[in-house]
Structure formats: structure tokens, C-alpha cells
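S.K.: So Swiss-Prot says this about it:
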type: TOPO_DOM; residues: 1-38; note: topological domain 'Periplasmic'
type: TRANSMEM; residues: 39-59; note: transmembrane segment
type: TOPO_DOM; residues: 60-68; note: topological domain 'Cytoplasmic'
type: TRANSMEM; residues: 69-89; note: transmembrane segment
type: TOPO_DOM; residues: 90-234; note: topological domain 'Periplasmic'
type: TRANSMEM; residues: 235-255; note: transmembrane segment
type: TOPO_DOM; residues: 256-346; note: topological domain 'Cytoplasmic'
Amino acid sequence: MKKVLLQNHPGSEKYSFNGWEIFNSNFERMIKENKAMLLCKWGFYLTCVVAVMFVFAAITSNGLNERGLITAGCSFLYLLIMMGLIVRAGFKAKKEQLHYYQAKGIEPLSIEKLQALQLIAPYRFYHKQWSETLEFWPRKPEPGKDTFQYHVLPFDSIDIISKRRESLEDQWGIEDSESYCALMEHFLSGDHGANTFKANMEEAPEQVIALLNKFAVFPSDYISDCANHSSGKSSAKLIWAAELSWMISISSTAFQNGTIEEELAWHYIMLASRKAHELFESEEDYQKNSQMGFLYWHICCYRRKLTDAELEACYRYDKQFWEHYSKKCRWPIRNVPWGASSVKYS
């Protein structure tokens, strides 16, 4: 039987299409676009409360007059209609998501590609994004290509896409596919940070250990092990988890913004994934190295020297994704098996 792709409603942690939650999340989205919608939201809640009060009065009172009974009846009908709209929102969200996949030709991913996206699943889960497709948020169909009327499924706004493109350009120098490829090769060469960690651990390991443990608790033997080249591996672990996570996240974002094509994004994502599953024994092993790597990079490689308070904030920021994911996530991506460590990176 063919697998049907179905993910969370964007903006929700739940995989079930909870009509009330979707109804509320759409209200929040509309309020961001138009502050006046806040009055509509609270007006809706207020009318529901008043309707409940009228219905309660009708049930508990022994002698409502005719006008009171009519008011209570209308209030009850109003509540039924509102409940119907809320339930409908859940069904409509599911229908729209399925239609979106069909219209765009999006199919369930192979296990290998799911294993690749699992590497950044904690970040996507924290931000309530999609986890089983390359695009992490629905992208508005091009004019004329999909005439279906979407009412519940939230799309990336032009403003958000513009800000992400600006961020990729400012932080990573990505303007087109050529500059994207140059950055990916820079990561794979180790020159972004992995080689610096290796050199520093060879020259002054005690200093590196002291710097890292100023903001977090990484056992000294663990940090030393990351610098040692194990037999049968293409390299030492170094801070490769952080580097590879950046590669996958940047590739996904560049595709989401329309900067690069899907095929190119998957090419580098799968290169990163194969290296990750060759070097690390489990998801926990990968995420631990990732946290250490992000912290090290911000201490020793970032173009601007950060204060201790900023470094501590960076570490807490990166750590929260895995903590939240490991405690709360019930998404299918959580159950994807770790890739075979025997698969060599090439």
C-alpha cells in the first residue's frame, strides 16, 4: 500500500489536525498581518462566553420568559455553528495539505532522505515546521499553476522570504547557486571550523577544554575523543556535527527561498548526511557534538568576538532545540532509524 504523506499543520506541534488549535493559529497569523484582527479574536471569544451564559441560564432557570428562551435557543444555535466551523477547520487543513502535495508533485521521501532531515529535526520541531519534506513551510503556488483556493494552509509571505534571502546573503554570502556551492565546498573542506578545532586540539588541548567548559559541561575525555581519529572512520569527529547541520539547514533554506534548485540542495544534503552517519553512532551522539561544535565555533571562529554573556546565550539557544525535541517530539521523524555507520562518506 502506497504511503500517504501527511505532516503537522505548519505552526502546530501536533500531528493530529486539531480544529481548535488550527482556528487559533490562523487567528494569530491574521493578527500579525493586520493588528485590527485582534478585536475580531476577542470579539469571537466574548460572544461565545455570552452565548454559553445564555444557554446555561436556560438550562438552570425554572421560568425563563419567551424572549429569554428565544435568546437561549439562538445562543445554542450560535455555539453549534461555531463548533462546526472549528471542526471543519481541522478537516479543511488536512484536505488542503494533501492537495498541496498532489499539486506540487511532492511524494514521501526515501528512508535515506528522511535520515538526512532527521539531523535538523530538533530545530524544525521547535519552530513547528514540516520535518519530512525539503521545504519546511508551504510555498505559495505560482500564478496559474494551482488554482485551488487555500483558506487554512499558511504560506510563506513575501516579507519573510525576503528577510531569509537577506540573512543568507549577509551571514553566508549566498546570492545564487554558484556562491551556495562555494560555501558548501568550504564546509566540506573543513576550513569553516573543523580544521581549526583539530589544530587547536593538537597545539593546546587544555586551553580548548577550559574554554568550552566555561559555558557548558563537556567531559575532557569526550572533547579529546572528538579530536582523535578512530580506526575505520574517514576522520575524527572534531566539530563535524555542527558543520553538517549548518550545511543541511542552509541548503533547505536556500531551496525554500528559491535561490537554488531541489536537485542541488539534495546533492549537498546527502553528502552531509552520509558523512554524519559515518562519523557518529547515534542521534544523541550527533546532537551532543553539534552543541559542542556550535559553542566552539562561536568562541574561536566567529568573525566578531562575543562576550561571555553572548556565548552563554548562544549555547543555551542551541541546546534548547534538542532538549525540547527529545522530551516532547512524537512526530514520525523521531522514529526514523539512525543511518548505517558503515556507509562511508565520499
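Cβ coordinates come from backbone N, Cα and C, glycine included.
So where do these features actually land, and what's packed around them?
M.R.: Here the topological domain 'Cytoplasmic' (256-346) has a mean pLDDT of 91 out of 100.
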S.K.: DSSP-wise, what's the residue breakdown of the topological domain 'Periplasmic' (90-234) into helix, strand and coil?
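M.R.: Split into helix, strand and coil, the topological domain 'Periplasmic' (90-234) gives 83 helix, 0 strand, 62 coil.
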